[in-house]
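This report refers to the structure that appears directly beneath it.
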Amino acid sequence: MGVMSLSKTMVVVVLQVMILLGQEIGKVSSTLYKVGDLDAWGIPIDAKVYSKWPKSHSFKIGDSLLFLYPPSEDSLIQVTPSNFKSCNTKDPILYMNDGNSLFNLTQNGTLYFTSANPGHCTKYQKLLVSVGTYSAEAEALSPSSAADAPSYQNAFGSIPLSQKSSASSSLISAFSTVAASLACAVVGAIM
């Protein structure tokens, strides 16, 4: 094998690695969601705010939910499906009251959140999030109806290393396209 053909082979290998890395970057990025896209977690003016909001997002492992609220006025708890349905705030899975609650999504499943403050849940300050795939159970447990389902406890943690945005997705997509085009051009020149 001559030096020239070895160089061409190396270029093709490097380009293939770049394409694979570009595709993997998109898979490992995560998104930080501000719950409800609102300024604060609280009793909603529209009763369907927290039931509509998760339907417009695809949550995956590695994403995070950020609940913002005045700590002297509100709180956040994770509850079981039956407690979500009945607005029972006793014996929560997890309780936070720091006003800047970050919840990392660490496994697939359905999660149930509400305020620990009396009466807030019955005023629709509650959120059901399906991680991994859309769930018919999420639809069934919207404020108008409910059914029991398994609950998954997740741990809180630090802010994710990267926050996926439409700009980063576009950049990754553009990088992959350019790398693929270059690889095709090099392979075509070799042939």
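Going from the start of the chain as shown, residues are counted 1 onward.
Positions of Cβ are set from backbone N, Cα and C atoms, glycine also.
CYS121 is paired in Swiss-Prot with CYS87, the candidate among CYS87, CYS184 named as its disulfide partner. ASN104 (N-linked glycosylation site) and CYS121 (disulfide bond) are 22 Å apart (CA-CA, integer value). Taking only the Cα positions, the spacing between ASN104 (N-linked glycosylation site) and CYS87 (disulfide bond) is 23 angstrom. If you draw a 10 Å sphere around the CB of ASN104 (N-linked glycosylation site), it holds 18 other CB atoms from the protein chains shown. Taken residue by residue, the domain 'Phytocyanin' (31-133) breaks down under DSSP into 20 helix, 32 strand, 51 coil. Taking only the Cα positions, the spacing between ASN108 (N-linked glycosylation site) and CYS87 (disulfide bond) is 23 angstrom.
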